[in-house]
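Quick look at what TrEMBL lists:
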- Lys195: active site, proton acceptor (ACT_SITE)
- Ser15, Trp16, Arg36, Arg37, Tyr53, Lys110, Ala144, Arg259, Glu285: NADPH binding site (BINDING)
- Lys110, Gly140, Lys195, Asp248, Ser258, Arg259, Asn260: sn-glycerol 3-phosphate binding site (BINDING)
- 7-164: domain 'Glycerol-3-phosphate dehydrogenase NAD-dependent N-terminal' (DOMAIN)
- 184-323: domain 'Glycerol-3-phosphate dehydrogenase NAD-dependent C-terminal' (DOMAIN)
Amino acid sequence: MTHGTTKAAVFGTGSWGTAFAMVLADAGCEVTLWARRPELAGAVNSTRTNPDYLPGIELPASVRATTDPAEAAAGADFTVLAVPSQTLRDNLAAWAPLLAPDTVLVSLMKGVELGTAKRMSEVIAEVAKVTEDRVAVVTGPNLAKEIAKRMPAAAVVACRDEAVARRLQAACHTPYFRPYTNTDVVGCELGGAVKNVIGLAVGIADGMGLGDNAKGSLITRGLAETTRLGLAMGADPLTFSGLAGLGDLVATCSSPLSRNHTFGTNLGKGMTLQETIAVTKQTAEGVKSCESVLDLARRHGVDMPITETVVGIVHEGKPPVVALKELMSRSAKAERR
Ligand SMILES: NC(=O)c1ccc[n+]([C@@H]2O[C@H](COP(=O)([O-])OP(=O)(O)OC[C@H]3O[C@@H](n4cnc5c(N)ncnc54)[C@H](O)[C@@H]3O)[C@@H](O)[C@H]2O)c1
Ligand SMILES: O=P(O)(O)OC[C@H](O)CO
């Protein structure tokens, strides 16, 4: 553990890992980015940019990159994880022995693990063998490309230990990035993971040209099913009307920068799954996590019709027009139950 300057390691040099490294550096941290590919680490160090994921964005001098996980992890007060959710377990198993003794592990990821239906903070606590009060989550309406341009955004930093959340809040608070603390880790993580699934649904509706009433309806009913799942899992329902819930849903479902929204739009326009995957260069977490979210819903006996519809379209080849008909012809219900 260092004294004086806060040190952060960021594992993952994709869009959000790189943009968040910039946020940490702007907030005064010394940041080491771990990259898989030597050519990307080299480009970050020699050009001060990430040409593959954030071209044209100049990174602060206090961000440097390495492919050596031990070098990245050494002495880090915060160890930030920003790899695709389904790769976390294997990656972290290799990094865990290298972590600084008292480091706080921070998840930037918005997914649920396939097979186990575990949230990312659960995977982290299990694999790194740390207690939950050393695991934090950053989430909210944070499209990496906007934040990399230092456009204003609020966020949530969640940790069961509020003092840890406050430390992380201070480490990433800049004039353009405003983090709020929250101790409801379950709700914050579910908000982030399920909004990707609803973002896919809204994208599909947009691609089909279903209009803004359909969009408003999907966002609202999507939030309702997220909240139902959250309640069953012990989350605070108010979290879902906050930045991790409504805030992120609105940003994702209204922005062409969202990979999940764009993925859905392509499907809704009639591209096949394979064609859509081929044109998607970055991680659209909802594509895999829709199945693990549905798994979670079934484990908890919760009805999630929009998530079920997305799984049907994305993984079972159901044509969007058929899925729409089925969704609209479900039995009539009370809005609150
Ligand atoms: N991009 C955003 O706007 C944004 C914002 C908030 C949260 N997130 C979340 O952050 C997480 C990371 O997303 P991203 O946008 O940075 O994704 P990305 O696709 O831009 O980058 C992913 C990074 O992980 C690396 N990677 C891919 N497979 C890997 C593997 N098997 N092992 C190790 N590294 C691997 C890639 O090389 C790349 O550096 C996701 O869970 C996403 O939902 C993204
Ligand atoms: O590009 P997406 O769809 O992964 O969304 C990015 C962020 O999660 C928005 O907050």
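Using N, Cα and C of the backbone, Cβ positions are placed for all residues, glycine too.
Sequence features, as recorded in TrEMBL, placed on the structure.
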| residue | record | DSSP (3 states) |
| --- | --- | --- |
| Ser15 | NADPH binding site | helix |
| Tyr53 | NADPH binding site | coil |
| Lys110 | sn-glycerol 3-phosphate binding site | coil |
| Gly140 | sn-glycerol 3-phosphate binding site | coil |
| Lys195 | active site, proton acceptor | helix |
| Asp248 | sn-glycerol 3-phosphate binding site | helix |
| Ser258 | sn-glycerol 3-phosphate binding site | coil |
| Glu285 | NADPH binding site | coil |
Going along the chain, which residues six or more apart from Arg259 (sn-glycerol 3-phosphate binding site) have their CB under 8 A from its CB?
-> Thr280, Gln282, Thr283, Ala284
Among the binding-site residues Ser15, Arg36, Ser258, Arg259, Glu285, name every one whose Cβ is found under 6 angstroms from ligand 1, counting any of its atoms.
-> Ser15, Arg36, Glu285
Filtered binding-site residues, from Ser15, Arg36, Tyr53, Lys110, whose Cβ is under 6 Å from an atom of ligand 2 | Lys110
Over the domain 'Glycerol-3-phosphate dehydrogenase NAD-dependent N-terminal' (7-164), what is the model's average pLDDT?
-> 98
The sparsest Cβ environment within 10 Å, among the binding-site residues Asp248, Glu285, is found at Glu285
Of the recorded positions listed (Arg36, Lys110, Lys195), the greatest number of other CB atoms within 10 A surrounds the CB of Lys195
Integer Å value for the Cα distance linking Ser258 (sn-glycerol 3-phosphate binding site) with Lys195 (active site, proton acceptor) is 11
Measure the Cβ-based neighbour count of Ser15 (NADPH binding site), defined as the other Cβ atoms within 10 Å of its Cβ.
-> 23
Mapped DSSP class for Arg36 (NADPH binding site), helix or strand or coil | coil
